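What TrEMBL records for this protein:
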DOMAIN    8-313  domain 'Cation/H+ exchanger transmembrane'
TRANSMEM  12-32  transmembrane segment
TRANSMEM  78-99  transmembrane segment
TRANSMEM  111-133  transmembrane segment
TRANSMEM  145-161  transmembrane segment
TRANSMEM  196-215  transmembrane segment
TRANSMEM  235-257  transmembrane segment
TRANSMEM  264-284  transmembrane segment
TRANSMEM  296-317  transmembrane segment
DOMAIN    375-496  domain 'Cation/H(+) antiporter central'
DOMAIN    512-656  domain 'Cation/H(+) antiporter C-terminal'
Amino acid sequence: MEAGAGVRMGKKAGVIGFTTMFAPLVCGNLLFRWRKRGNISVSINEYRLIIFMQSISAFTSIDTLLRDLKIKHSEFGRIALAGSMVTDMLAFFVTFLNAMHYEKSIGVRQTIFSCLFFAFMVFVVRPAMYWVIRQTPEGRPVKDFYIYLILALACVSFKYFDLIHSYGPAGSFVFGLTVPNGYPLGAAFVQKFESFNFGAIFPLFGSLTLMQVDVPWLLKECGNLIRMEGQLYEVVSFTLFVNATKFIASTIAAYSFKMPLRDSFALALVLNNKGVFELAYFAYAVETKKVRPEVFTIVAAIILLNSIFIPVALELVHDPTKRFKSYRKRNLAILKHGAELHALVCVYKPDHITSMISLLEAFNPSKDSPMACNVLHLIELVGQSTPMFISHQLQKPELGSISCSDSVITSFRGFHQKIHEHTSLDIFTSVSVTKHMHEDICWLALSKSTSLIMLPFHRTWSSDRSTVISNDDKLRIININVLRRSPCSVGIFIYRKPIVEYHMTAYHCKICLIFNGGRDDKEALAITNRLRQTKTRVSLSIIRFTPTFYEMKDQEMEEAFEMVSLKETVTNIVKEKDESVTFIDKSISDGSETSKILRAMGNDYDLFIVGRSSGLGTEITSGLSEWTEFEELGPIGDLLASHEFPSRASVLVVKKQEYIHKTKSQKRRSE
């Protein structure tokens, strides 16, 4: 599934990037040919350069904008970055074609040397970067020797491109792409040089470059702009036409992939953003006499206005609170039989290891029900420590030392050894402040294309349910934030005892699904059916509460609870003739009856599964909602998890993914 998601993302980014690049390139050239018939005050080479630079979406400019707006790690940000990367690659291709066409043998030589450089970066430098990561022990910084060696190679890359008469910073840019993101290598460069770059180098570069702008000439030329003549009018009108073409093409391309229209506009704005890269290239063009200072003055003013307008417009159009939301469905309800389940398991404390492994064992991955398990160990950042994100597949502990996640790694790898044929396991550790932990969870779930995030409940009780052993309010806040921002479905697991007792040969796993027909209940049903696909002996009871309508006057409420058979409701997922499945319909008048029925069957099951919004706002939970202690569990989930509930059965509360829909009508149809 992850590979398929990557292919879909690549296809979407490829089409958007291709359209964004070539639509303005073609339309701009057509307009230029039409203008050539009359008198023009801007040279042919300057027109070509303006068309080219307005057509591309420079990765560095897009990356800086998304980082400043804190939406870089959203799916929207990933699409924008991937699309800009496509335009950059196409820009290299177009540049080489132009060089071979106009500069003949020199252009051919330049293209050959550039291709050799790209091959060296991909097949030599990139693997060397990962070798450096593997040589760095867990929790330790990268050696300064490697950092300064990489900086020296970046300078060499700049000089190499300069020697082959190409744009020098492009060499450093390509080299920079070989450095893996995140901890430890990418993060080391950010920590060491980000403040210096953005605090000193960027302002200094901007000031020195803009000093070349001829402001008096620009103000004088504004009079010709009003009369629709002169260089300022030609460049501004031409740039606006190319940007408008690019905006429309980007919007149509994004909308064709079922992105909401609002987000399509936002993506088009991002891809039209201009920044330091474009300014630096035009400054380079002035130095090499490819562009006159007057044209540079106009272009610099346009880039300055663009960098002011785009972020403001983007703040109005794009909703940053949805940065982790997905544009496609990522839940269990859409998984076909035999499809691999991608899950993210979160562990905060050693106590959670047993509970999470117990839940994974209940899924019991097999050939017909494979699983890709990603385990994230979250550690609170204290003191002056540095945030870290460690992949235990790449980094190993230093010899003689103990990893901060040693118990997590040992336990989950022991679980993996039992079922390694049908399960893949990746373990990560995130060290960050509590208020940012939910972002690490959502980001990893988004990047791994998971369908389910499994979270441990923040409260645990003694075995006899008499006293609270631990009550971590920080963990509760993390769970609530994940529920609000998650890119996929979420399950909060309240652990009381093992779901499956493997040491008992004749053991049956008894599961009770509370199904009232809501969107979260349907996802809970999909998870339940996944559990039934295992080799474990599972008996399932599906119970549905239906209000007694004679007390209800609202006709719409009666239609919402149509008196159809429960078997007909779930027959598409659970086979009717399966003798291990029991269907129970209970007619109730208020929440007190719901509570009595559940309490009566509390000791009959090993696991209760319920949707978070099950029965919410109906007679089923009337009276329960007012006494809910933990809103993240919903009224029925809160009842099952309370210490007063007479049961040692574990509880799984499920919330279905809220993905970004194209229209409200589509949202209703999907539910």
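Cβ from N, Cα, C; glycine included.
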Per-state residue totals over the domain 'Cation/H(+) antiporter central' (375-496) - DSSP helix, strand, coil: 43 helix, 38 strand, 41 coil
Most Cβ pairs under 8 Å with the transmembrane segment (264-284), selected from 12-32, 145-161, 196-215, 296-317: 296-317
Averaged pLDDT score, the domain 'Cation/H(+) antiporter central' (375-496): 80
The transmembrane segment (296-317) in contact with the transmembrane segment (78-99), cutoff 8 A, at least 3 CB pairs, sep 6+: no
Non-local residues, at least 6 beyond the ends, that sit with Cβ under 8 Å of the transmembrane segment (196-215): 276, 279-280, 283, 286, 293-294, 296-297, 300-301, 304
Cβ pairs under 8 Å between the transmembrane segment (12-32) and the transmembrane segment (235-257), at least three: yes
